[in-house]
């Protein structure tokens with residue numbers, strides 16, 4: 001009878017039960033019916049047309065988690081063919097990951113990133129005595145801002161490309177080339193603009209306490225900042241693309257390796273470029289005053305070219321219009337950390353701040369960037385930002401759910417948190433063996449340093465769990481918006497907690513931590 005529908009055997013796709021219902025189309029027009037997904041006409045036994053309608057049973061989809069896609073290996077991919085017409089084909093199932101495999105994949109790039117930050121700290125410990133750092137002290141304010149900027153841009157690039165690689169958007173050479181050119185042009189635009197704004201922030205933060213302003217120093221800061229940001233973006237962007245492509249070919253999850261390598265190389269290369277460029281421009285400040293304005297004008301004149309290239313790619317076009325808020329706010333937050341560094345680095349009671357600040361900031365930023373990138377990839381596998389998703393139900397998670405639940409993201413948070421103490425012990429020993437920071441590693445110093453590092457990472461991982469899900473629910477792509485905020489907060493927390501630890505050590509009389517120059 002046409003008024004009754006005969007329930008056929010259900011088909012399963014991606015964990016969603018899709019019953020096949022035979023009957024006339026009139027039976028499906030009432031508002032209380034399920035959403036129509038697909039209709040196909042077959043010939044019945046009597047030769048008459050019988051319409052078969054596939055309905056999506058959303059009730060049966062309740063509680064189905066996308067975590068299975070992250071936990072299971074590729075053998076399940078042939079069971080995940082989505083017959084729904086309202087979503088594109090599902091990406092290939094990623095790699096099977098346990099706590100051990102996560103830790104093993106993260107360990108090497110984490111140590112590499114840490115040694116990069118140690119090298120950056122040693123460089124800062126040396127260059128702080130150069131004339132340009134002595135007489136143009138606002139350069140110290142630029143250090144966390146530019147290091148944070150490079151971390152933001154390169155780790156955002158790494159996270160964006162890692163997600164694209166994991167969901168199959170870089171499989172063909174044409175797609176790969178389009179992603180490379182669009183993203184490289186995008187970060188050049190962002191680096192130039194935000195580098196210019198960082199120099200303005202450094203001038204303002206340097207002028208407010210002292211009330212002294214020098215137009216020559218302001219132009220020097222602008223030229224140094226823009227040139228450093230541009231060149232570092234070009235070099236690091238190409239390195240990141242190579243790392244991500246190589247990771248995919250080697251069967252390694254790019255989320256685990258790309259962001260730490262981006263951060264480590266970013267700190268060292270950016271600080272070396274900033275020191276060298278500012279030193280060279282400072283030497284020409286009196287004899288050739290026109291050099292600094294010319295450097296600024298050259299890099300600003302290239303902006304229209306990069307904008308045109310970035311606008312041709314739909315993915316980067318969106319970021320070009322909407323991705324400014326996080327990197328600019330992050331730059332402002334990092335500049336506050338730079339102001340703290342500027343006021344403490346020359347104080348003998350804070351000896352060692354210059355060498356330890358890049359390390360604690362870099363390690364915290366590396367770990368939280370890995371977690372944010374992983375959560376973002378996890379969410380991208382369930383749909384697009386803004387969609388109602390079963391995998392993003394929390395708006396303000398509890399600390400227990402962030403660190404002690406059984407899901408994959410909680411597991412990775414525990415692994416990353418457990419890397420803090422052994423990692424920092426290795427980095428502290430390296431600094432001590434290289435006699436950096438003019439600091440003796442006493443037991444009480446190590447205890448205070450580790451407390452600051454653990455507290456920093458604990459706060460960052462919790463904020464990452466909340467922020468990525470919150471941005472996803474508001475329709476914002478976490479790859480573009482979350483990492484700049486998180487790494488900037490890492491800079492501020494790391495510098496602030498480290499300065500507080502040094503201050504407490506000075507108050508309790510641990511004078512062994514300062515052996516002078």
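Glycine is no exception: its Cβ is also placed from the backbone N, Cα and C atoms.
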Looking at the candidate ranges 64-84, 85-105, 106-126, report the one that TrEMBL labels transmembrane segment. 106-126
Please identify the range among 214-245, 342-373, 374-405 that TrEMBL labels transmembrane segment. 214-245
Residue counts in helix (H, G, I), strand (E, B) and coil for the domain 'SLC41A/MgtE integral membrane' (357-500), per DSSP? 108 helix, 0 strand, 36 coil
At an 8 Å Cβ cut-off, counting only pairs 6 or more apart in sequence, do the transmembrane segment (321-341) and the transmembrane segment (214-245) clear the bar of 3 or more pairs? no
Helix, strand, coil: count each for the residues of the domain 'SLC41A/MgtE integral membrane' (143-277), based on DSSP. 122 helix, 0 strand, 13 coil
Can at least 3 Cβ pairs under 8 A be found between the transmembrane segment (106-126) and the transmembrane segment (413-431), with each pair 6 or more apart in sequence? yes
Long-range CB partners for the transmembrane segment (413-431) (under 8 A, at least six residues beyond its ends), listed in sequence order, are 99, 102-103, 106-107, 110-111, 114-115, 117-118, 121-122, 355-356, 359-360, 363, 367, 370-371, 402-404, 437, 439, 441, 446, 449-450, 453-454, 457-458, 461, 465
State the non-local partners of the transmembrane segment (443-463) in its own chain: residues 6+ outside its ends, Cβ under 8 Å from one of its Cβ atoms. 356, 360, 363-364, 367-368, 371, 397, 399, 402-403, 413, 416-417, 420-421, 424-425, 428, 486, 489-490, 493-494, 497-498, 500-501, 504-505, 508, 510, 512-513
Below 8 angstroms Cβ to Cβ, which residues of this chain, lying six or more residues outside the transmembrane segment (289-309), approach it? 181-182, 185-186, 188-189, 192-193, 196, 216, 219-220, 222-223, 226-227, 230, 281, 320
